[in-house]
Amino acid sequence: MADLTFLSLHPFVKSTVVDKVRGTIFGSALGDAIGLYTEFLSKDLSTHAYGAYPEARFQLTTPTTEFYPDGHRNKFTPRSWTDDTDHALLIILSFLHSNGTVISPRDFAARLKIWVEQGLRCLDRLPLGLGATVGRVVCDKNYSENPELVAYKVWSSRGHNIAPNGSLMRAHPLGVICIGKSLEETFQIAIDFSVVTHADPRCVVACCVHTGLIRGILRGEDTSEDDIDRILEAAFTFVAKWQQNGRSFDKAQNGSGKFPADVLLAEPALDRIEFDKYVNASSFEELQLDSAREIGYVYKALGGCILCLRLAIRHSNSQHTDEQYTQPGTNIFEELITALIMQGGDADTNACIAGAVLGAWIGNSGLPPTWRDGLDHNRWLLHKCRAMEQVLGIDESLTGYDGVQDKDTLSDGGRGLLDKRSLEARDAAFVDMYTKKMKMMAERMAHKERKETDRGWMRGLLK
């Protein structure tokens with residue numbers, strides 16, 4: 001039974017929680033969309049492309065900031081989120097379809113398998129940005145039958161040494177969904193949703209931390225850096241014990257809820273020193289987010305998220321403010337997300353993860369309007385937030401939503417699945433669009449080089 005009695009403590013509590021729920025969902029999507037501007041760029045190239053922080057500024061409302069022109073960004077349009085938010089929405093849509101009565105990792109896994117081929121059907125979005133680990137796991141012929149085991153075997157086959165951020169980037173809706181659950185229940189649900197693609201305990205503990213923090217912020221329980229440290233300790237202890245006990249997971253989803261004993265072989269335990277190194281980082285530079293060899297490492301994304309939350313808490317307390325990241329009279333969400341993405345690296349995912357906790361902390365009303373109001377599909381996203389608030393019982397004044405009747409929540413998005421011919425036509429149209437963009441980019445760069453050459457020739461005459 002969900003414990004939401006805290007909502008009755010004071011009249012403003014409910015409205016604050018509603019604002020924070022929306023802040024969580026919108027904050028993550030905004031971080032994703034803004035992070036795309038510097039995704040896969042180095043810190044130096046990010047500065048070259050958009051200017052040095054804090055002068056670098058981004059805007060999603062008109063006039064929208066243009067992308068740095070390259071082959072990666074030419075796949076996307078400004079103002080849109082990426083696969084990170086798509087995957088989080090799969091969790092939300094699955095939950096809404098049952099009107100909040102079922103939290104199913106297996107249903108999410110089935111939807112993810114559809115996404116890999118079809119994209120997000122309800123918004124007719126292509127499956128752009130598929131990560132290597134998710135692709136390898138989900139495309140396995142046995143995935144539908146036993147996603148947890150397939151994910152574990154993929155991890156094991158790589159020497160137990162792949163810990164990317166793909167399950168962490170989608171975890172934030174679980175913090176909202178678990179608002180009425182205990183911390184231990186929340187951790188177990190976070191585990192169950194991680195292990196359908198990411199088996200490494202570093203991925204698992206990161207999801208537990210992220211989900212636990214969002215739940216605690218929404219409930220008004222996590223309000224200080226000491227509370228962050230408490231969640232970090234609790235999550236690490238919980239996952240270490242879970243690992244020692246044979247990786248139990250949702251029994252309702254998979255029989256005994258345990259792996260066969262012969263599968264769990266020489267599995268490395270969680271390393272506390274490695275964990276502490278990242279969650280206690282004192283600067284973004286310390287995390288080396290653009291390091292090419294570890295660009296998608298889950299602890300880097302988690303470390304950036306924790307640092308952002310610590311800085312936001314200090315800013316709220318108006319003490320120990322780090323002027324490097326918090327300029328007077330500016331929006332703290334915008335400042336921290338901008339500072340984070342200007343480090344380069346896997347910037348959209350780093351900012352997606354940090355944006356969720358910052359949005360929970362600040363609330364939707366505190367998000368920068370030049371970002372929030374320019375985000376593609378923002379009205380659609382707000383409708384899903386309101387639906388979540390209703391089915392979770394956060395706002396009893398909301399009525400009339402029925403997830404069963406909401407075609408968006410169907411696995412095919414209410415549009416039907418594309419057949420082979422339709423998929424080929426869609427892919428061909430995308431390739432044609434991409435080719436035209438690349439040609440235009442090459443022409444603009446050639447024109448720019450000619451102008452610079454001409455200016456140099458003129459300067460020579462004037463000497």
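Backbone N, Cα and C define each Cβ position, glycine as well.
Record features (TrEMBL):
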- THR82, ASP83, ASP84, ASP346, ASP348, THR349: Mg(2+) binding site (BINDING)
- 444-463: region 'Disordered' (REGION)
- 444-457: compositional bias 'Basic and acidic residues' (COMPBIAS)
* Asked: So of THR82, THR349, which of the binding-site residues has the fewest other Cβ atoms within 10 Å around its own Cβ?
  -> THR82
* Asked: What are the other residues, in sequence order, whose C-beta lies within 8 angstroms of the center of the C-beta atoms of THR82, ASP83, ASP84, ASP346, ASP348, THR349 at the Mg(2+) site?
  -> ASP32, GLY35, LEU36, GLU39, THR85, GLY129, MET169, CYS352
* Counting across all protein chains shown, how many other Cβ atoms sit within 10 Å of the Cβ of ASP84 (Mg(2+) binding site)? -> 31
* **Same-chain residues at least 6 apart in sequence whose Cβ lies under 8 Å from ASP348 (Mg(2+) binding site)** => GLY31, ASP32, ALA33, GLY35, LEU36, GLU39, THR82, ASP84, ILE341
* Residues that sit under 8 angstroms from ASP83 (Mg(2+) binding site) by C-beta distance, when 6+ apart in the chain -> PRO127, LEU128, GLY129, LEU130, GLY131
